[in-house]
Amino acid sequence: MNQLTNLSSAEISAQHEQDAKDLTRILPASKKVYIEGSRPDIQVPMREISLTDTPTGLGGEHNPPIMVYDTSGVYTDPNVQIDLNKGLPSVRQKWIEERNDTDVLSGLTSKFGQERLKDIRTADIRFAHIQNPRRAKAGKNVTQMHYAKQGIITPEMEYIAIRENQRQHEAVDMRQHPGQNFGAKNLKEITPEFVRQEVAEGRAIIPANINHPELEPMIIGRNFLVKINANIGNSALGSSIDEEVAKMTWATRWGADTIMDLSTGKNIHETREWIIRNSPVPIGTVPIYQALEKVDGVAENLTWEIFKDTLIEQAEQGVDYFTIHAGVLLRYVPLTANRLTGIVSRGGSIMAQWCLAHHEENFLYTHFDEICEIMKAYDVSFSLGDGLRPGCIQDANDEAQFSELKTLGELTHRAWERDVQVMIEGPGHVPMHMIKENMDLQLEVCKEAPFYTLGPLTTDIAPGYDHITSAIGAAMIGWYGTAMLCYVTPKEHLGLPNKKDVKDGIITYKIAAHAADLAKGHPGAQARDNALSKARFEFRWDDQFNLSLDPDTARSMHDETLPKEAHKSAHFCSMCGPKFCSMKITQNVRDYANNLTNSDSEVEEGLKAMKEVYQEQGQKLYHKV
């Protein structure tokens, strides 16, 4: 891939080679498997983790493989040749064509998209295989919500049902705590009909633009597995197209369910094209960021026409959901005046500045119905932005935040009237005891539309560790009902994250999401925990590593003190050593108890024999000698 960078050609080539190895290396003891649906082209990917047998001394039983949800796409399929210059193979193209409700356009229709194609300065960095976009035929609505309301189960819905189940019905150890789901539904099996019903009622969304056929369908809703989003994107201070594509593929490898491209630097249009064409997961954006770049960063120069063209430009590229800050109303802006940190949302501050400069209502609000018409022509989902979210715990749950949330509830109904899919963005910075109020109010005013939250961060004193401060809040709000958690990296508030930061943020949020699934009692959520705990008790070290969210780190930490291969079968670790391992002691206690059981039976027989002698001797305790 040719592109703008300060590295030499040799350095770029070496970096590409290393990235390719990192991205395509399958995790240890794992293999990509596909579950076929009702038709041959529904092939749902999962990762199967093989386990070793229990040692003979501990019972010698066979441990079946564990199936886990997989977001890595074909990058971890050894049978697929990866070529970033061509993009990923299409998953949904045939399904889209079969519905016969879209037209292939003769070319891009957005003014800016056409300009970029003609600009010779972008030729070297442009994706080489740009396809003509699709759009709904006149009078047609192509959203998954529209199909669901018509009673149609699409291939995407069947795909999702298979994916959500993770074949947990085959798991051997399904013991699980019941959990507290706060009114969510815990079905033992997700069916295509249930997926359809949840989408029709607005309780879940399937972000799947008709111009992103490469994506593997997924669902966001509180009655499904809690999902996580990873943010990437360049800035005016750095990063390149190569780096952003690498971050995207790296993020999906470790479990990102969706990606948001928040680029604000150079070549936003081209960067986004590369990302979408190579992404197996839905891509979200904040269109106002690019619109602002088109007016050289001067918020008051923004117009509806510029924003509308930006929406069409991004929809034709294949963006699956838009964050749109239509709830930042003119009358709400003064409510932020006494805040400790004011308006911290970039999108929110842009629209607040525009409203004050013109003393007019937010044009995203006044043109909302027109935005809906664009969204339904491409099946782009709304992610209604929380532009007035609290930027510190002092500002949590204030009048500005909740006023905007109520407006987002109103906008949700307006979108649903046009069968446009909606999720709602949430805070932010909220101390633990104030988190549930956010979830309860959102469920009430937005009628159970999926909630998508950034954390929330539960304290403000830990720069450099905000992936942890936010994961605490994320686990809690995920338990209460949030459908998707936006990850936070260690670099939050400090700088642009690199690959390591992205991975750290994702693993942290995978923990939070899984903890929420366990707390809700989501069926099958505990199967992997049970398998890992069993491996730990049986000192199957490799199985412990392989079942973990980050096998590489688990193995590396173990090997820092016990690096030899023989240590992988040792019945202790460096924490306690061979004499004080609690699990080894427990096994000894079990062995002792088993031996006691045998001894007890022998004693029992002896007592029985003495009883017979006693009866034969007339049941007398004493006898004359």
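Heads up, the Cβ atoms here are built off N, Cα and C, so glycines get one too.
Annotated features, as they stand in Swiss-Prot:
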BINDING   Asn231, Met260, Tyr289, His325, Ser345, Arg346, Gly347, Asp386, Gly387, Leu388, Arg389, Glu425, Tyr452  substrate binding site
BINDING   His429, His493  Zn(2+) binding site
BINDING   Cys573, Cys576, Cys581  [4Fe-4S] cluster binding site
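Sequence-distant neighbours of Asn231 (substrate binding site) (same chain, 6+ apart, CB under 8 A from its CB) are Ile259, Met260, Leu262, Cys486, Tyr487. When the record's substrate-binding residues Asn231, Met260, Tyr289, His325, Ser345, Arg346, Gly347, Asp386, Gly387, Leu388, Arg389, Glu425, Tyr452 are compared pairwise by CA position, the greatest distance found is 20 Å. DSSP assigns Arg389 (substrate binding site) to coil in the three-state reduction, placing it in neither a helix nor a strand. A helical conformation is recorded for Gly347 (substrate binding site) in the three-state DSSP classification. Taking each of the binding-site residues Tyr289, Tyr452 in turn and counting other Cβ atoms within 10 Å of its Cβ gives the largest count for Tyr452. Neighbour count (other Cβ atoms within 10 Å of the Cβ, all protein chains): 26 for His429 (Zn(2+) binding site). DSSP assigns His429 (Zn(2+) binding site) to a strand segment in the three-state reduction.
Of all the binding-site residues given, namely Gly387, Arg389, Cys576, those whose Cα is no farther than the 10 Å limit from the Cα of His429 (Zn(2+) binding site) are Arg389. Taking the C-alpha positions, the distance from Gly387 (substrate binding site) to Cys576 ([4Fe-4S] cluster binding site) comes to 50 Å. Look at the Cβ of each of the binding-site residues Gly347, Gly387 and count the other Cβ atoms within 10 Å; the largest number goes with Gly387. Here the C-alpha separation of Tyr452 (substrate binding site) and His493 (Zn(2+) binding site) works out to 20 Å. In this structure, Cys581 ([4Fe-4S] cluster binding site) belongs to neither helix nor strand by DSSP; it is coil. Rounded to a whole value, the Cα-Cα separation of Cys581 ([4Fe-4S] cluster binding site) and His493 (Zn(2+) binding site) is 41 Å. His493 (Zn(2+) binding site) and Arg389 (substrate binding site) are 15 Å apart (CA-CA, integer value). Checked against His493 (Zn(2+) binding site), the binding-site residues Tyr289, Ser345, Cys576 differ in C-alpha distance, with Ser345 being the nearest. Following the DSSP three-state reduction, the secondary structure of His493 (Zn(2+) binding site) is coil. With the fewest other C-beta atoms within 10 Å around its C-beta, Cys576 stands out among the binding-site residues Cys576, Cys581.
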